Structures are given as structure tokens and as C-alpha cells.
Amino acid sequence: MSVFKASFLFLLSSSLVHGVPHSSRASRSQQCVVPSKYQASNGMADDSVAVSQAFAQCATDSVIIFEEGVNYNIFQPITATNLSNVEIRMHGNLHLPQNITAVQNIVSDGTSTWFTLEGPKVDWIGPEDVNNGWIDSYGQPWWDANPAGSSGIDNRPHLMSFKSSQATMKYFRSRKPIAWNVKLHGQDITVSHAIIDATSTGSFPFNTDGFDVEGTNIQITDSIMYNGDDAIAVGADSHDTLFTRNTIGYQTHGMSIGSLGKDPTDFANISNIRFDDVTVVDGLYAARFKSWSGGTGLVKNVTWNNIRVFNVTFPIFVTQSYSDQGASRSGTVNASSAVMMEDFTWSDFAGSINTYQPGDGSCVSDPCWYNVGLPNLKHTEALIIECHTAQSCKNFVTDNIQLYPQVLEPASVICMNATAALNPDLGFTCKNGTYSPLSN
């Protein structure tokens with residue numbers, strides 16, 4: 001049994017009491033059942049027009065029904081930005097085009113996202129039956145078409161933008177996404193029991209982020225994400241975010257804050273972010289903070305707690321000097337500036353550090369992007385903390401870090417500029433060498 005299937009079965013057997021749609025809903029008195037021409041056309045006909053019509057006719061106080069077990073071809077992007085109090089009952093299966101050139105032409109013409117959904121009180125509700133409710137994007141040929149030395153071919157679409165308030169996504173399922181999965185932005189959004197499967201049988205699945213989050217009071221729970229980038233990335237101007245009871249893996253880049261500060265004029269404002277009770281399998285990162293040097297802003301009150309890691313290269317990683325091999329930077333940068341970090345906690349970590357085969361398939365630069373500034377890596381590091389200045393990190397706390405390298409040597413640490421004066425409860429002495437937690 002694969003790790004992905006085992007993880008799914010574990011979560012399926014757990015209680016399904018979370019992620020229930022908000023109870024204070026006005027009546028959804030109208031229904032639109034989306035017709036499909038998929039079966040009659042042997043999978044050739046496009047159902048995009050019918051889907052767009054359903055979203056137009058049932059944009060308010062309605063239920064839009066994709067019937068259970070029915071397949072739909074979505075060969076054109078769907079945009080529905082005037083929704084209000086709508087349930088999208090996704091019990092069918094959606095199929096994106098398999099013609100790479102056709103999709104690239106659509107993206108190059110200006111449509112970068114395949115599903116754009118916007119409005120208050122929007123609920124995406126899939127079925128408990130794992131055989132249905134999928135979006136099939138057929139990303140494997142896209143990944144395999146990526147030339148050597150490149151981090152993804154041009155004109156790849158984002159799968160979904162979901163902008164709402166008092167909203168729910170339950171049983172969202174994405175298989176072989178081309179690249180980015182869901183951009184969540186808004187307030188009071190709950191995601192539960194999602195599955196994202198971006199495991200590859202060939203080339204690396206670049207940029208297959210799970211959920212990119214910007215907003216207030218957003219929760220993601222009881223979900224599985226196997227991908228080739230951040231499982232969750234919390235962006236600027238986010239507050240009160242919870243990521244809990246999830247399993248993430250494959251070549252995941254973990255639970256991330258950022259990246260922040262690429263544009264020095266974009267002030268980062270993030271607070272009250274919690275990652276709790278998460279299992280990370282075979283990832284490049286588990287807990288990560290990433291901001292560019294020269295950035296501005298404040299990130300405050302962030303906690304990673306009760307994190308189990310298995311074969312993870314960088315279990316705890318902080319950098320305020322981030323670089324992206326696939327992105328250029330313009331404008332004037334104040335090299336002494338940094339996005340400030342305050343009140344960060346890493347507690348109750350346990351598991352194994354990937355010493356034998358560290359890294360992942362995303363490296364196309366020399367030195368590798370994730371090794372930049374770290375020339376003497378031993379891949380026994382439990383923690384890497386790179387504060388940009390002696391003032392940019394404040395009130396860092398570590399507690400009960402039980403991480404061990406696969407070679408069964410003592411764990412090590414790389415630490416820069418997390419001064420004792422500003423971080424009296426850091427839990428270890430900030431210097432490079434063997435990780436030796438201080439007694440309380």
C-alpha cells in the first residue's frame with residue numbers, strides 16, 4: 001500500500017465532524033442541475049457552456065448540482081464572481097483539457113486561473129465517496145514536458161481562485177494539478193477533508209502548491225496533500241489561520257509563511273497563525289518561514305506544534321534571505337531591512353531527518369536554491385534559523401524537539417543572529433554545531 005493511500009485511509013477512518021457548512025444560511029430555494037455531454041460524446045464534448053450557464057442562473061440563494069458519478073469536460077475557464085449564498089454540490093468529476101498547447105494559448109491570452117469563484121457564503125461540497133468529486137487536470141504530461149534546467153513550462157494555469165466569506169470547502173479533491181491548486185482569500189473560510197494528489201511518475205511537479213492563503217479566520221483541517229511545493233503558504237495580510245490534523249508529503253515544501261518581502265513596498269502584516277497536529281512524510285521542509293532580504297513588515301505569534309516528520313530534509317527552517325530560482329526581482333532594495341519576526345514557537349517535533357537522500361527534484365540551479373547560503377550542510381540539521389539582522393528575530397521559543405538524523409548521529413543546528421537578548425527562551429545557544437537543548 002502506498003503512503004498516499006495509507007494516509008487517506010487513516011483520515012477517512014477518523015471522525016468526520018469538522019468542516020460542516022455554516023448553519024446560518026438563508027434558504028437556497030433554487031437548484032440548477034448541470035447537464036453533461038461527456039458520455040454521449042465519448043468524452044469529447046465540452047461542458048463549459050452548460051457550467052457557466054448554471055453559475056449564471058443560480059448565482060444567488062441556490063444549489064448548483066454536479067450529479068454523482070457524472071463526468072464533465074471543462075475545456076474553457078469558468079468565472080463566477082457574483083455568487084451569494086450558493087452551494088456547489090460537486091458530486092461529479094471535472095476534466096480539464098489534455099491539449100497542453102490549447103491551455104497555454106488560453107493562459108497567454110490573459111486567463112491565468114481555470115476556476116474563479118467569488119462571493120459571500122459559497123460552499124463547495126463534495127461527496128464522502130472518494131471515487132467522485134475530483135478535478136482531473138492531467139498534469140503529468142506538463143511536468144514531463146519541462147526541459148532540463150527549467151522550473152516549469154510557460155503559461156501554466158492556476159487551478160482555482162476561491163474568494164469568499166462565511167464559506168466552506170469540504171471534500172475538495174484535485175488529481176494531478178498542472179501547477180498551483182487553490183488560492184483561498186477572504187474571511188471565515190473552513191476547508192476540511194480535502195485531497196490533493198500531485199505525486200509524479202516522471203518529472204518533478206513544480207509549483208503544485210496546495211492552498212495559498214490570504215485572509216482572516218481561515219482553517220484547513222483533516223486533509224491530505226501530496227505535492228511538490230508548499231502544502232500551505234500563508235501570504236501577506238493574513239490573520240487567525242489554523243492548519244490542523246493534516247497529512248502532507250511526497251516532495252512537499254511543508255507548512256510555510258511566505259514568501260514575503262520580494263517587493264519592498266509591500267508591507268507584510270501577519271499574525272496568529274497556528275500549525276498543529278500534522279504529519280510530514282518525505283518532504284523537503286516541514287515548518288518554514290521565508291522572506292526576502294530588504295523586505296518590510298511584521299509577522300507575529302506563529303506556532304508549529306505537535307509535528308511528526310518522517311524522512312524530511314529540513315524539519316525547521318527560517319530564512320530572511322530567501323531567493324527563488326524561478327523569479328527575478330526589480331526595484332531598489334535596502335539590504336539591511338527585513339520582515340520582522342516576533343513570538344515564534346516550535347514545540348513537540350519528533351521524527352527523522354533525511355540524511356541519506358536529502359533534497360528533492362526541484363533543484364535546477366547551482367548552487368541549489370535550497371542550499372544557498374548554507375555551504376557546509378551535513379543534513380543532520382534539526383533546525384536552521386537564519387535571521388537577517390541581530391534585531392529582526394524576537395521572542396523565538398523551541399521546546400521538546402526530538403529530531404534525529406537517519407545516520408543516528410546527534411542532530412545539529414545552524415543559527416544566525418537569534419540573539420540571547422531578544423530571544424531568552426530560544427531553548428538552545430544560537431550557534432552552528434551540535435543541537436544541545438538547554439535545560440529549563
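Going from the start of the chain as shown, residues are counted 1 onward.
Quick reminder: no glycine exception, Cβ is built from N, Cα and C everywhere.
Sequence annotations record features per position, and here Swiss-Prot assigns active site, proton donor to D229 based on similarity to another entry. According to DSSP, D229 (active site, proton donor) is assigned to coil rather than to any helix or strand.
The disulfide bond annotation in Swiss-Prot covers C387-C393 and is backed by similarity to another entry. Secondary structure at C393 (disulfide bond), taken from DSSP and collapsed to helix, strand or coil, is strand.
The N-linked glycosylation site annotation in Swiss-Prot covers N82 (among others) and is backed by sequence analysis. Mapped onto three states, the DSSP output places N82 (N-linked glycosylation site) in coil. Around N82 (N-linked glycosylation site), the same-chain residues at least 6 positions away in sequence with a Cβ under 8 Å from its Cβ are A59, E118, G119.
The N-linked glycosylation site annotation in Swiss-Prot covers N99 (among others) and rests on sequence analysis. In the three-state DSSP classification, N99 (N-linked glycosylation site) falls within coil. N99 (N-linked glycosylation site): 12 other CB atoms within 10 A of its CB, across all protein chains.
Look at Swiss-Prot and you will find N269 (among others) tagged as N-linked glycosylation site. Sequence-distant neighbours of N269 (N-linked glycosylation site): residues of the same chain at least 6 apart with a C-beta under 8 Å from its C-beta are A236, D237, G297, L298.
What Swiss-Prot lists as N-linked glycosylation site is N301 (among others), and the listing cites sequence analysis. Taking the Cβ of N301 (N-linked glycosylation site) as centre and 10 Å as the limit, one finds 16 other Cβ atoms among all the protein chains shown.
In the structure as shown, the Cβ atom of N311 (N-linked glycosylation site) sits within 10 Å of 18 other Cβ atoms. For N311 (among others), the entry in Swiss-Prot reads N-linked glycosylation site, with the evidence type sequence analysis.
Long-range Cβ contacts of N334 (N-linked glycosylation site) within its own chain (separation 6+, distance under 8 Å): P264, G294. Annotation source Swiss-Prot lists N-linked glycosylation site at N334 (among others), citing sequence analysis.
Swiss-Prot lists N417 (among others) with the feature N-linked glycosylation site. Around N417 (N-linked glycosylation site), the same-chain residues at least 6 positions away in sequence with a Cβ under 8 Å from its Cβ are E386, C387, H388, T389, A390, S392, C393, C430. The DSSP secondary structure for N417 (N-linked glycosylation site) is coil.
Residues or ranges marked as N-linked glycosylation site in Swiss-Prot: N432 (among others). In the three-state DSSP reading, N432 (N-linked glycosylation site) counts as coil. Taking all protein chains in view, 12 other C-beta atoms sit within 10 angstroms of the C-beta of N432 (N-linked glycosylation site).
According to Swiss-Prot, the signal peptide annotation covers 1-19, on the basis of sequence analysis.
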If we check Cα distances from D229 (active site, proton donor), which of the glycosylation sites N99, N301, N311, N432 wins as closest?
N311
Since the record lists C387, C393 as disulfide-bonded residues, which of them has the fewest other Cβ atoms within 10 Å of its Cβ?
C387
Which state, by DSSP, holds N311 (N-linked glycosylation site): helix, strand or coil?
strand
N311 (N-linked glycosylation site) versus glycosylation sites N99, N301, N432 - nearest by Cα:
N432
According to DSSP, folded down to helix, strand and coil, what is N269 (N-linked glycosylation site)?
strand
Rounded to the nearest angstrom, how far is the Cα of N301 (N-linked glycosylation site) from the Cα of N432 (N-linked glycosylation site)?
26
